[in-house]
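Here is the structure we will look at.
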């Protein structure tokens with residue numbers, strides 16, 4: 001009987017060694033994605049930069065990998081900033097995002113000397129101006145704008161439309177108030193603009209629409225204020241393969257189109273092309289991770305459905321419940337067996353909605369089988385919770401066929417250590 005291998009390692013061996021549920025990441029796959037970006041974007045186009053969107057998957061070890069590859073990193077909270085600080089990540093290579101950064105978080109970012117803060121609204125601009133004056137320290141910023149573009153993805157991960165909690169809308173003149181206020185400030189250095197239209201996006205057309213709108217803003221900012229945009233950050237959101245009908249596109253599918261449109265639009269307005277920044281996250285780590293579970297209870301409702309329950313669920317992967325996300329699964333210890341039945345993979349939480357995979361075709365399934373769920377490298381570990389007081393899984397990284405623990409399994413004691 002053949003077991004399923006991931007990154008050259010027997011997954012049943014990993015499940016036995018580290019127990020389940022277990023997150024497994026492939027460093028080689030991560031590096032392959034990074035090298036593809038370097039070859040097809042950084043080396044192909046001058047005056048470009050890449051920042052890894054750490055919200056997709058962040059541990060100290062992941063931050064070390066990004067640091068060693070000399071990419072930048074973007075963070076969205078004081079906790080993410082603290083994590084990357086623990087590995088002495090170069091502060092000038094950090095971008096700080098977020099729609100409601102606290103005064104404490106902004107102070108921490110300014111003290112550490114982060115390279116850029118993405119200002120999301122007028123309130124934050126005022127708060128940042130006060131803090132920089134207090135510390136007598138200049139900070140570089142970009143304004144996050146909502147370009148008024150809808151993306152073809154789940155509504156919870158659309159971010160570029162006018163009605164969004166993120167960013168300054170282009171359509172109502174608020175952005176010009178923000179630009180004027182920033183240019184008047186002694187300590188705020190306005191570099192340019194940022195937008196992000198959503199996540200898990202497979203087409204480039206809506207990116208192109210957004211670029212056109214933001215380059216138009218660049219031209220208007222020059223006409224009104226004499227402001228020359230030095231940086232244009234077009235975010236991330238590039239789709240990956242979760243199920244068979246999806247296919248991850250090469251990074252050049254997006255970046256070649258971006259650069260062509262930026263060059264053309266800038267030429268049309270007589271503008272010099274600014275530095276172009278992208279922020280891939282899921283595209284780098286999503287397919288580089290799997291999650292291993294052990295099958296427990298199997299419940300057959302004759303003529304209706306077979307439920308196979310696993311020792312994890314929405315606590316380690318809330319995306320199916322939150323976004324109706326779909327995943328592909330393999331019975332790892334029966335990888336060479338033909339599927340002969342259809343089961344629904346249920347989690348162990350006290351929620352009817354805790355279903356990981358509906359209608360998965362599998363070989364004859366038994367309690368004790370190991371289930372491998374694919375493409376869980378992004379937004380699984382980072383969104384994990386302790387609902388029902390369930391400990392978070394361990395994380396294992398594989399490189400060149402060698403496995404190593406990078407996050408310990410949480411214990412019951414860990415979960416209650418801050419409770420009084």
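Backbone N, Cα and C define each Cβ position, glycine as well.
TrEMBL does not curate its annotations; it predicts them automatically.
Feature annotation from TrEMBL assigns domain 'Orn/DAP/Arg decarboxylase 2 N-terminal' to 32-285. The N6-(pyridoxal phosphate)lysine annotation in TrEMBL covers 55. Taken from TrEMBL, the feature pyridoxal 5'-phosphate binding site applies to 237, 279, 280, 281, 282, 379. If you look up TrEMBL, you'll see 282, 319, 323, 351, 379 marked as substrate binding site. Sequence annotations record features per position, and here TrEMBL assigns active site, proton donor to 350.
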Worksheet item: Nearest to residue 279 (pyridoxal 5'-phosphate binding site) by Cα, among 55, 319, 323, 350, 351 (recorded positions)?
Response: 55
Worksheet item: Should any of the binding-site residues 237, 323, 351 have a Cα within 10 Å of the Cα of the residue listed as 'N6-(pyridoxal phosphate)lysine', which are they?
Response: none
Response to the item:
For residue 281 (pyridoxal 5'-phosphate binding site) and residue 323 (substrate binding site), the CA-to-CA distance in whole Å is 18
Worksheet item: Which one of these binding-site residues, 323, 379, has the sparsest Cβ neighbourhood, judged by other Cβ atoms within 10 angstroms?
Response: 323
Worksheet, complete the sentence: Keeping only the binding-site residues of 237, 280, 282, 319, 323 whose C-alpha lies within 10 A of that of residue 350 (active site, proton donor) yields none
Worksheet entry | All-chain count of other Cβ atoms within 10 Å of residue 319 (substrate binding site) | 20
Worksheet entry | Whole-number mean of pLDDT values that fall within the domain 'Orn/DAP/Arg decarboxylase 2 N-terminal' (32-285) | 93
Worksheet item: Cα distance, residue 280 (pyridoxal 5'-phosphate binding site) to residue 319 (substrate binding site), nearest Å?
Response: 19
Practice prompt. Return one of helix, strand or coil for residue 351 (substrate binding site), based on DSSP.
Written response: coil
Item to complete: Any same-chain residues 6+ apart from residue 351 (substrate binding site) with CB under 8 Å of its CB? Would you list them in sequence order, or say none?
Response: 314, 321
